[in-house]
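*Asks:* Following this message is one structure expressed as structure tokens.
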Amino acid sequence: MEPEELTIEWYEENGLEKPIHFRCDPTRIGMKLPSPSTFTVDSVLELVGGNRMIEVVQVEDQGSVKMTLEEFVEFYKTPRDQRKNLYNVLSLEYSLTPLEDLVNSPALVRQIDWVGNIWPDALRQRWISFNGREKKSYFPHHTFPKVQNYCLMSVANCYTDFHIDFSGTSVWYHVLKGRKVFWLIPPTATNFFIYQEFIKTVSDNAFFGRSVEACHVAVLEPGDTMLIPSGWIHAVYTPDDSLVFGGNFLHSLSCQTQLRVYQVENKLNITRKFRLPYNEELLFYVMADYVKKWTGREYVRPLLVEDAKLDYVGEKWKAAGGHLKKIRFEDYNVEVTSEMVKNEEESEKDEVKVIAMHAGSSNYDNAMISKMSYTEATGLEEEAEDEDVKPETKKEAEERRDAEIDLLAATNSLIFYRNSKHDFIRNKSVPDHKLPIGHEPPVYFNDEEVSRISPRLLEELEALGAYIRRKNRVEVAEGICHPASLINLFNTVLKKRRAELTGKPFQFNQIMPRRYTRAAIETGDYDFEPVRTIEDSRRASQFKVEDFPDELLESDEPDETSRIHLPHQPSSGPLEYIPTPRGEIRENSLGFEPEYDEDMEEYDPAEQVVKEELEEEEEEEEGEEEEEEEYVAPVTRRSSTRGSASTKEEPQEEKEEKEAAPKKEKKEKKVKKEKSSKPEKDTTEAKLKKEKKKKEMERRLRDSELEAELRAAHGGKNAKSKKKPEKPAYVGGLPTAPIQNDPVVSNPYNYDPRMEMMKLGTGQLKSAYRKTKANVELHIEKNLYKLEPKRDESESREPSMEHEDSPTTPHAPYDRYSHYHTENSHFQEDQDSHRTPAKRSKYDNISVDTSESPHIPKKRSLEGRPSPYSVISPPHNRPKLSSPAMFSPSSEPRRSNDRRTSDPAVNAMKKGVYMPPMSRQDKMIAEAASASSSRHSSFSERRPSFIPDLNSSRHSSTDTPMYTPTAPARSSWLPNTSNVTRHSLDDDSPIDVVSESPIDVLNSPPFPRSITPPPVSLSELKSQSNGRKSNYSEDGKRAKIPAREAVAELKTLIGKLKTLNEA
């Protein structure tokens, strides 16, 4: 492009998206530069000052070294072959020095630069730190983004690796001497991601240009100028010794890229030293500047030079020639405290530092001097001071300026700033930009300025507004007191412009003005008068008082009867609560306003107290009469204050009317006595009366109905007040159901809410949110029960009783299948098998039928063992047992009330506690698995009826006659269960179902039934093993089998049990 085309119009239309290389006279693009033939590094040393400390890049490791400018110039002048190290100066900012008058950036850059055009001039301040014992060298620190002008001095073979300029700033670059080679990479999303990974790998020495999508090369010769857009990744190589001028700037048409780079810096945790200072404060100033153009509102307080806390170096200072003066330690005699610069960068630990600023008597610090006097070196004439002017103290000047700002903000609705006391803390992030906005005056848009927002600019500014709104904490700039209102209005204008470009209607939600109370309007405690709306004008009367004659107007005298005056409320919006004074509220003892007729005389609180006492006496007398009534209903508040209707017949009503007549006479007499005994009211007596009334009210509040209910709930009694009898309440002519004290449904968990309450002042109620052992676990007896027949008394005794009998009467262990039962005992055992099981320990092993006698292995005779399908003999033909140990009167089960009452399960059932039983399948698996471990228990115990006794063959004797178990006769109401095909020959399940009688079903508790399995012989198990090796030896002992076979056998048993349960 031609140099003359680089204008503001071209910029607004195209923006800065690609690098622009100009090889022309720099004056054609609005630049100002010294002559290359006469300007050298010695000129820089003379104009800037040799005692200025600079940070130099060490090319070998891309580190940094500090040295004075004079030391670097000496290194620069050394011959090329004598340089041991390569140093590169990239951070010599020459603003506020005489060199600034010789070099100017391109005209377009100066027009669009945010820092040069928007940053407040009064906030351009600095402070200087002097180093060394002699205080010759110094380092300047600035309180604004000072990045506009740089002088870059590089020796040959210097290289700067790939980087993005801080905060996404754009760069202008002019080569005065030497050459520069640039590698440029566009800021695409892919390249940004690769660059972040490149920054993280510090030890990577590979050339980054080969890892990206595209990389461009540009060679700048002496006299060339280039503009590098925001976000472009670039590296620079210096083939010859060079002297370059450049600078960084931020502008509006690169907001998205600038914010993206700023976020990448936050993500990579780049130190403050290598970032743009005061970036977020600058964003607030930019938004405030746009809002002022679009709406006329001013959000930035005009800052004064006199308010500068540090050394002012703004435009007025430069116009006075302050930048021409050399910096020397002798000119600074005021030290700056560490609190003033605690957030600034600190120098090295080993250097000697003295922080100083201009003296108080300096030419740039006195606010009362309109024209400053200068030395002879400046060439300006001195002006005599006015003798009549009296100096004003600093405190008086601050108070005067604050009063002026407050007056301006109160009178002008476009002023949205306050005095300096409302400023935010400097360099501290706050979330105040997300506070609610509140009331605001109407917004007036400048349509001419709003229409200048191009689609390109609108997209960039929308990204800026969205970023500030989403950020949790921001650094609010000095002078801005309403950041939330500023952000809201900035985004509102952008929405309006977006609606205009898209052709959609714009709906602006104007924030309603605050509804002021009458007190605020009378005292003037408001910012501006509320605008009168149409609704208010509708409510206003169309006629005036002067239009009516006096005869038609009401008298101004106040009415005798007190009226309730409602406050004036708007027709829309929330109603305001105007509290009524405490003295105007009349309450009775219960805290409610008493009801009285409109035609009654003036309200007297003493008379009301007497009436209440009389009503209480009446109610007590009525309660004594009504104690004989049968029906008593709970008391309601309405029924207690008003007289309840009597439910008696007409003769009783007539009696009540007769009794009521003398009561009225008593009331009138008491009231007359009280009135006659009243003395004349004096001031002291009135005060005493008020105090007495307050004490009486407090006493009655303490003894109120609420406190009585609380005491009753806590178990206490109200000793002061007499309990009144409960009266029936009627709703719609029918009596309500009385409230039951006891719960209708039984409490299954034994939870008593009254036990959770405690008296006030004695402790703290249990928290519903704090999980503790007390409020999580229920107090229930955690006992596991097994369903098994009831044991007799001999079996429930201690094991020592059995040990005494075992040596005298050696016998085989108890075999349930060989036991002889009479008809009654069989029925009785069947009944007991359905009773509540006895309490069993949680970890008790399942015992088997063993005894302490020595085990004599014998073969069981299988001749007398019936098959499952053999004919069952009747019960009266059963043979008697020959062994006395197998059957004894003490071992016969019998029904006893003591056992039923002492059974913990029965007690638990009476209490209403549900004890969940184990499933039948789980019990069978558990007992089958633990049968081998409990074979040699210390005492004999009956096996549960649903577990087959597979090992009983090794204890049975051949001499013991076998019995044939019988099933009860099938009743007519039961299905046919005696079918011989119920268990086929292939089914090896040892479990059968014993049918029940109707009486057993009706009387049995809701517990699982015990099932008596049919007898199973060892031969049957061997025949049903499908050719598999038997697990039992000839002597009846269980042989050891592999674990896999045991698991497989257990699985088959479980499967068969499941099929039986499903059937």
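The chain as shown is numbered from 1 upward.
Cβ atoms are placed via backbone N, Cα and C, with glycine included.
Since this is a predicted model, take the numbers as computed values, not measurements.
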*Asks:* Given that Swiss-Prot annotates HIS163, ASP165 as binding Fe cation, state which candidate in HIS21, HIS234, HIS251, HIS323 belongs to that site as well.
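*Replies:* Answer per Swiss-Prot: HIS234.
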*Asks:* Between the binding-site residues HIS163, LYS180, HIS234, whose Cβ has more other Cβ atoms within 10 Å than any of the rest?
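*Replies:* Its Cβ has the most other Cβ atoms within 10 Å: LYS180.
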*Asks:* I'm trying to understand the geometry here, so how far is the Cα atom of HIS234 (Fe cation binding site) from the Cα atom of THR160 (substrate binding site), in Å to the nearest whole number?
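*Replies:* Spelling it out, the Cα of HIS234 (Fe cation binding site) and the Cα of THR160 (substrate binding site) are 9 Å apart.
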*Asks:* Might you list, by sequence position, any residue in that chain lying six or more from ASP165 (Fe cation binding site) with a Cβ less than 8 Å away from its Cβ?
*Replies:* VAL171, ILE228, ASN248
*Asks:* Other residues with Cβ within 8 Å of the Cβ centroid of HIS163, ASP165, HIS234 at the Fe cation site?
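*Replies:* Leaving out the recorded residues gives THR160, PHE162, ILE164, VAL171, ILE228, TRP232, ILE233, ALA235.
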*Asks:* Let me check the 10 A CB neighbour count of THR160 (substrate binding site). How many other CB atoms are there?
*Replies:* 19
*Asks:* Rounded to a whole angstrom, what is the C-alpha distance between HIS163 (Fe cation binding site) and LYS180 (substrate binding site)?
*Replies:* 16
